[in-house]
Amino acid sequence: MAPLIIYGATGYTGKMASEHAKSLGLDFIIAGRTEQKLKSLASLLDVGYSVFDVDQGGLIDSVLKDASVLLNCAGPFMRTTRAFIDACIRNKVHYLDIAAEIQSYQQAQKFEEHAKNANVMLLPGCGGSVAMLGCLASHVVEQVKNPLEIDIALHVAGPMSRGSAISAAENMTSECLQLVNGTLVAQDASNTAEFDFDDGRGHVTCFPITLPDLLTIQRSANVSNIRTYIHASGDSFPTGNFDSLPEGPTVAQREAAPYHAAVTVISEDGVARRAALHTINGYTFTSVASVHAAKRVLDDEAKPGFQTPAGLFGKDFIHTISETEIKGL
Ligand SMILES: NC(=O)c1ccc[n+]([C@@H]2O[C@H](COP(=O)([O-])OP(=O)(O)OC[C@H]3O[C@@H](n4cnc5c(N)ncnc54)[C@H](OP(=O)(O)O)[C@@H]3O)[C@@H](O)[C@H]2O)c1
């Protein structure tokens, strides 16, 4: 049995992550719930595969028992995280995922002590937006004396994948949140804010949204007042029937749509410091960064309990992804 299992490997992002893992020569198998799709991807990549659903505890245990790391790419994560966190703790396997949903992180928080007792790491958001925003926030927080508040925004460019649209739409039905004095409280969804992504457009309007970074940045940057925002340009956020959407952006669409982020950190005495992050498209980033994180965990860079990519690997984790730059404003 291989030390790494990539679950949800036949999805849009899971497939790119599996291809990247193969290109790095990692020892891994792919897994998921639909045998036909797994069989054809496994044969293409020349790796083993395993078929199980999240409610098949016995089967999951038999697959996880000899593994070290599970990279879960199967979203909506509100349906997969809990079962896999339980199974990873039972089998002493480190749990990694690419969730953009706060619930995955709340589960990691809830089961942190169990994970610590089992010497297991829970690292939701090991690649993707959580790694981008966490590293950006840490870079700026380090330059501010007594940081008090963080406002941070992600610029999503180009089309979203069908899976992301489904997960985001399910998430939006819940209340919009912010972090105040370390507690998640309601945020008025009409409280827009202006951010400059340093991409030549000047200040643009961003909408408040509940991102997992409310919890992860609190941990990695040790700041207890955080608001998270999103700016979707062009046709980023689809409407209507998601079933008719393509699986995700094409290579050309990804290359034409780099992602940006912007942050403002305010100190206790009211001084604001700003920076912007320019990087590659979020889907390319996620597939590369999540596998890079899995590789480092396989190489023993793990800490028991709930960890964040910026906290575990440091703020320069972002720079392991090519074409990534942080600009002070
Ligand atoms: N944080 C980030 O920056 C970031 C970046 C990219 C993606 N994501 C997130 O990653 C997730 C996947 O995105 P995607 O574009 O790859 O979606 P996708 O193409 O729809 O793939 C989803 C995969 O998950 C599997 N799956 C879904 N629900 C499942 C369940 N209940 N039990 C078992 N397997 C299940 C699907 O299996 P079947 O094929 O058998 O249905 C498929 O393999 C989304 O939640 C998205 O928001 C986050």
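Indices start at 1 and increase along the chain as displayed.
Even glycines carry a Cβ here, placed using N, Cα and C.
The model shown is predicted, which means the values in this text are computed figures rather than measured ones.
Features of the protein shown, as given by TrEMBL:
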type   : residues : note
DOMAIN : 5-122    : domain 'Saccharopine dehydrogenase NADP binding'
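Under DSSP, residues within the domain 'Saccharopine dehydrogenase NADP binding' (5-122) fall into helix, strand and coil as 60 helix, 21 strand, 37 coil. Here the domain 'Saccharopine dehydrogenase NADP binding' (5-122) has a mean pLDDT of 98 out of 100.
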